[in-house]
Amino acid sequence: MGKKSKVGKSRRDKFYHLAKETGFRSRSAFKLLQLNRKFQFLQKARALLDLCAAPGGWLQVASKFMPVSSLVIGVDLVPIKPIPNVVTLQEDITTEKCRQALRKELQTWKVDVVLNDGAPNVGASWVHDAYSQANLTLMALKLACEFLCKGGWFITKVFRSRDYQPLLWIFQQFFHKVQATKPQASRNESAEIFVVCQGYQAPDKIDSKFFDPKYAFKEVEVHAKSVSELVSKKKPKAEGYADGDTTLYHRFTLMDFLKAPNPVDFLSKANEITLGDGELENHSSTTEELRQCCKDIRVLGRKELRALLNWRTKLRRFLTKKLKEQAKELDINLSSGEEEEGREEEEKTSPKAAADEMVKEEEEEVELALAEMKAKELAELKRKKKKILKEQRKQRERVELKMDLPGVSIADDGDTSMFSLQTIQRTQLLNEVARGDMASADALLEMRPGDDDICVSDADDEDDVSLASDLDPEELVEIEARQRRLERERREQGVKRVKPKVEEEEEEEEEEENPLLVPLEEKSVLQERQTSLWFGKDAFAGIEDDADEDLELGQSQMLAERQRESQTGKTKKKGQKKKVPQESTAAEPQDAADTGADTAEAEAEQSSDDDSSSDEEGPPTPVGRKRGLVEPCGFEVVPIEDPVKKARVLDAEGLALGSVIATSKKAKRDLIDDSFNRYSFNEEEGELPEWFTEEEKQHRRKQIPLDKQTVEEYRQRWRQINARPIKKVAEAKARKKRRMLKKMEQMKKKAEAVVSTVDISEREKVAQLRRIYKKAGLGKEKRQVTYLVAKKGVGPRVRRPPGVKGQFKVVDSRLKKDVRAQKRKEQKKRRK
């Protein structure tokens, strides 16, 4: 007895196991995943309808890849287990009840994507099953045409049968682009294929015959055409003959051929060319073959016609040369313009130009086809590039949020290369190797600042680039101000010790040494050997003979240093102070270059220069005058500059007086002379009462002769300057304006999104726009109050007078006096 095996066991392929692992309810979910990966229709969809959705694998994929708060509806004959954010209906898609249920769920919305993965119960016969599936697809298309928005997508499953081509033709009537594809998840032995219809046209009227299976799948008998039907019965239109042309045989002379403006047209009309002129007939270019070709032009091919055109060009050049010689003999100047014009005509009428035109037309057609293909490829590449950039941005965000630790990602960052001792340069790296794989992750967490959200140090500037890119301009301004304040506080706390450059170089050399690589010789022996090899060259042969000169130079340098110290001591006695720098010179390479041994060399060089020029320029200037002095303790002392005198602010009369002094020497001299008068030595203002001096100012002071117009101009300038806001007020106004503009842009984007939404009614659009404007603060308008002056005898209640709209307030003279008295009381309180 044979062993019976289960059929379902053989169908459990890799997609079946993947569905089990990932939590999808069916392996067909990977079909939709692969279709979406190719066409990208789920990412932009806001509403989706899945027909024949059980058990819900496609609904799971749709809810995962569609935007948040999207509407997803699934319909099937059998119940579907609940899925988060998905509406499921148990209806038959071929009934009217299903349409009513969908209208109730969608209300005024239109869906962007309609999916159909339905198939009938198979098993009777292949012909019957294929027809049932095509009929089911036609019903799904009917629902899609009712609920799809313009430009929507329709993805359906179709069996390959004789009803496949009629279905494709119907799809092409409703959609701009129809493509048939078979995803990898679909089994090879299955007859199913998926048709992706893109760009729903949304016609105003649809003929019901499109959705009638009897009409749509009706077999059309193609009658065999007879031979008489294949032959065209239409006669060609008679073009006729030229006016006055009574013969069909045209004979022309050679001169007519040479004078013809268009030689190609001339050859198409001519039957024979007669060679009447003996000189042209006996020309060297006139061969026997050309003579025979001229006798019957209608039988010539392209090669012979081209030879005739080249022959014509040579004869025309010969005639042009002959005419020039005759003109010289008769002292007639032949215009070069006619010759150039003739050459242009020859170039235009050459057979090469006619052949090039045909080639150009073919090339243009090929170029157009290539351009279309390139445009499609570029669009596809842009789409893929955009997707890759989006994934990279998400990965950066995960790393910044510390969601991914280094070493966890699969990408090869160079850590998987072969181990080498050369790569370990410091003891810290050695400790990390000893700790294991997670040492780099711990080091990264230790390096991250935990106390402050914003890192001010220069070493972490690169880490803060991504943070700064996500902040608003206002927040960036606040961060920069905070950074400057922190740097100022750090400078005021104390002075950092300056390390000499030589010590820094020694430390760098010690850090660069590899702790795991041991040299064969000691360091001192190796340095001495390298030094002896370097100074053993011929260029340093006479350097020992100059030892006496080096001694003299050293003594002169010491003398110059003593003179400089005495100069600095004198300046200290005069009261010049030294100032400690706010910032460490180690942060600036230029200042660091002046410290340590390099400073001594620079001072020695400058002292020698000062000695050489001391006779001409006087005593040498101290080195620390501009750059500051570097003392042996390592601190840089900078002298304090003289305080800048505060400029005197002149009033309008003072500015007018200054303009008179600057423009005229005579007026300046007169003003100086007039300044000596009996009011020059008045008593000081502090000795007399204030009220007395204020009263006597206008009588005990001589008026300066100034132009009133000039004084008024300067007063107007002062008014304009005083009208300007201070810097803080201007910055505050600018920030407020920038916030308002930003809020306006956000509001405009939201309003445009609401207006462009097709799925809501106009009433809902207006309500949403009002809410947006109200939230932005644009709907609040300041009420205008109308003031009415009350007459005597008016009671407390006043009726609205005619012609006054809106809010009004009744005022009288008593109220005006009360307000004035209240203001006076407030001023007295302020004075106290």
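Every residue gets a Cβ built from N, Cα and C, even glycine.
Predicted, not measured: the structure shown is a model, and the values here were computed from it.
Cross-referencing D112, D117 against the S-adenosyl-L-methionine binding annotation in Swiss-Prot, which names G56, W58, D76, D92, picks out D117.
Per Swiss-Prot, the range carrying the annotation coiled coil out of 627-659, 726-758, 759-791 is 726-758. Looking at the stretches 332-358, 683-709, the one that Swiss-Prot records under the feature region 'Disordered' is 332-358. Note on G56 (S-adenosyl-L-methionine binding site): other Cβ atoms within 10 Å of its Cβ, all shown chains, come to 23. Within the set G56, W58, D76, D92, D117 that the record links to S-adenosyl-L-methionine, no two Cα atoms are more than 18 Å apart, and one pair reaches that distance. A straight line from the CA of G56 (S-adenosyl-L-methionine binding site) to the CA of K157 (active site, proton acceptor) spans 16 Å. Looking only at the binding-site residues W58, D76, D117, the one with its C-alpha closest to K157 (active site, proton acceptor) is D117. Cβ neighbours of W58 (S-adenosyl-L-methionine binding site) (same chain, under 8 Å, six or more residues apart in sequence): S28, A29, L32, D50, G74, L115, D117. It is D92, among the binding-site residues D76, D92, D117, whose Cβ has the fewest other Cβ atoms within 10 Å in the structure shown. Just so you know, the Cβ of K157 (active site, proton acceptor) picks up 22 other Cβ atoms within 10 Å once every protein chain is counted.
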